[in-house]
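> Okay, these came from TrEMBL:
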{"type": "DOMAIN", "residues": "89-337", "note": "domain 'G-protein coupled receptors family 2 profile 2'"}
{"type": "TRANSMEM", "residues": "91-113", "note": "transmembrane segment"}
{"type": "TRANSMEM", "residues": "120-138", "note": "transmembrane segment"}
{"type": "TRANSMEM", "residues": "158-179", "note": "transmembrane segment"}
{"type": "TRANSMEM", "residues": "199-222", "note": "transmembrane segment"}
{"type": "TRANSMEM", "residues": "242-267", "note": "transmembrane segment"}
{"type": "TRANSMEM", "residues": "287-308", "note": "transmembrane segment"}
{"type": "TRANSMEM", "residues": "314-335", "note": "transmembrane segment"}
Amino acid sequence: LVIGYPDCGHLERRAVYQYQNSVERLTLFSKGVLRHYYEHLGTVLSMDYEPGKYCLDKKLYDSNKSEFAWICMPNVNKDWLTSTEFLMHNVISPLTHGITIICLLIIAIIYFVMPTLCDLSGNIITTICMCLIVSQIADMIRLLTVFKSHVSFFITEAVCYVSMLAAFFWLNSLGYYIWKTFRSRNVFLRITDGKKYCYHCGFVWSCTLVLGILAIFAHFTMDYQDFNAPITSFEDQEQMGSLGMIIFFAPVAFTVLADVFFFATTLQRINRMHTYGRIHHKLRHSFRMFLLLLMVMTISWIFFLSSFSGYEELINTHIIVNTLKGPLILYICVFNQKHVPYLIRKTCCYNNCIFPCCRPSHEGEWGDEMTAMNTELNMH
């Protein structure tokens, strides 16, 4: 015996009342099958529902007794397998998430494997990609209609929001690092990239952990009454409450504002500089990458928020935007950085590539920043 609403998945759920002289009747057979009789244009029709696709109970009103049932209505008016809503939610959306995950994984592998890219900026890019991968996986599970377990559904939703929040905090750390380096008079500080990465790790994960715990605590203890009803079915309390979502997403908005400040002040500083050192020249590429990442992630986040409105057009728009997110980030972090394709060709295609056009020219051994400078000069 299961108490609660039936698990209808993509099907519509409908209430049926059987009372005296009603046109609908409910009959429960010994095998557990519920038969629903209803009269339509003088003809009595019937439909059988298997166990798990209905919920039957008795309703008492004064001295009158009636039967009441929730049933999963078959979608007989249209072929739901070819409907736009079903295709977008259950076919196209998982595919777009998969494309984005593959693109982000390629970026993370490149920046993790290439030794010359394993500086502070490269490590932050790798971490951002890993956070976005976790967010994409959790969001894909959250959107699947067949995933109806309450506890697991809530966990995946929380993981999606926490990893997204962490990605924006890491992007904010990248902007802060570039901003502070351009403002510093001495860029040759006696601190390694490894130590600076550890400091950024401590800040980002501490803020993410505190806000995540606070949001989950607020959801269960201080959320609005509409979202704090007793758990009586598979679909109650599945989603994060309004207060919890505010605690998750308000810091994202503040990090975006801080990133805009870092961009504006750093751009002003760059325009005032007449000479550039190698580190400053390298950071100009990181600064451009930071700006483009900020634009892509912010636009994607805005459409992600709009999908909670419930309007099918906005949900479909979010799915389409999410399709472009992975390829755009791949272009920004790999193909738009002239020295990164050069390093990939030099590492993978120096002597073994069957296509001569892909082999890099035989030049001296350049570091990452010198390769970037040399590539840019050759472009001009």
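Sequential numbering from 1, following the chain as shown.
Just so you know, glycine gets a Cβ as well, placed from its N, Cα and C.
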> Determine which recorded stretch among 91-113, 120-138, 199-222, 242-267, 287-308 has the most C-beta pairs below 8 angstroms with the transmembrane segment (314-335).
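Ranked by Cβ pairs under 8 Å, first place goes to 91-113.
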> Where, among 91-113, 120-138, 199-222, 287-308, do we find the most CB pairs under 8 A to the transmembrane segment (242-267)?
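Ranked by Cβ pairs under 8 Å, first place goes to 199-222.
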> If you average pLDDT over the domain 'G-protein coupled receptors family 2 profile 2' (89-337), what do you get?
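Averaging the confidence scores along the domain 'G-protein coupled receptors family 2 profile 2' (89-337) gives 83.
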> Report, as numbers and ranges, every residue of the chain located at least six residues beyond the transmembrane segment (158-179) whose Cβ falls under 8 Å of a Cβ in that stretch; write 'none' if there are none.
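Sequence-distant neighbours of the transmembrane segment (158-179): 120-121, 124-125, 127-128, 131-132, 134-135, 138-139, 142, 196, 200, 203-205, 207-208, 211-212, 215-216, 240, 245, 248-249, 251-252, 255-256, 258-259, 262-263, 265-266, 283, 286-287, 290, 293-294, 297, 301, 304.
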